[in-house]
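Visitor: Just dropping this structure here.
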Amino acid sequence: AREKIRAVGGQHRCSGRVEVWLHGSWGTVCDDSWDRQDAQVACRQLGCGPVLSAPGEAAFGEGTGPIWLEQVECQGTEPSLQDCWARPGDSGVCRHK
């Protein structure tokens with residue numbers, strides 16, 4: 001099954017901080033390598049149009065809870081973030097900021 005994904009803190013459902021549902025709770029995606037290709041996949045998965053921007057550094061407010069994914073590396077053509085390479089977010093390197 002595909003993971004659930006949402007955008008939080010934006011002005012509409014296609015804008016905001018990307019969060020994914022894993023292990024029974026919502027968590028964030030580290031911005032350590034987040035770029036337009038990663039955002040393109042998230043926008044596609046959300047059923048939104050093409051990516052307009054891919055800001056980091058808590059542009060939509062700091063997340064809370066677990067950081068589920070780090071160093072997401074999408075090509076931009078994948079159907080979901082689950083299909084991209086990513087490191088599990090339990091390394092302790094990434095922080096909400």
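Cβ atoms are placed via backbone N, Cα and C, with glycine included.
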Visitor: With reference to TrEMBL, which of the candidate residues CYS84, CYS94 participates in the disulphide bond with CYS30?
Guide: CYS94
Visitor: Looking at Cβ-Cβ distances, which residues of the chain lie under 8 angstroms from CYS30 (disulfide bond) while being 6 or more apart from it?
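Guide: For CYS30 (disulfide bond), the qualifying residues are ILE67, LEU69, GLU70, GLN71, VAL72, GLY89, VAL93, CYS94.
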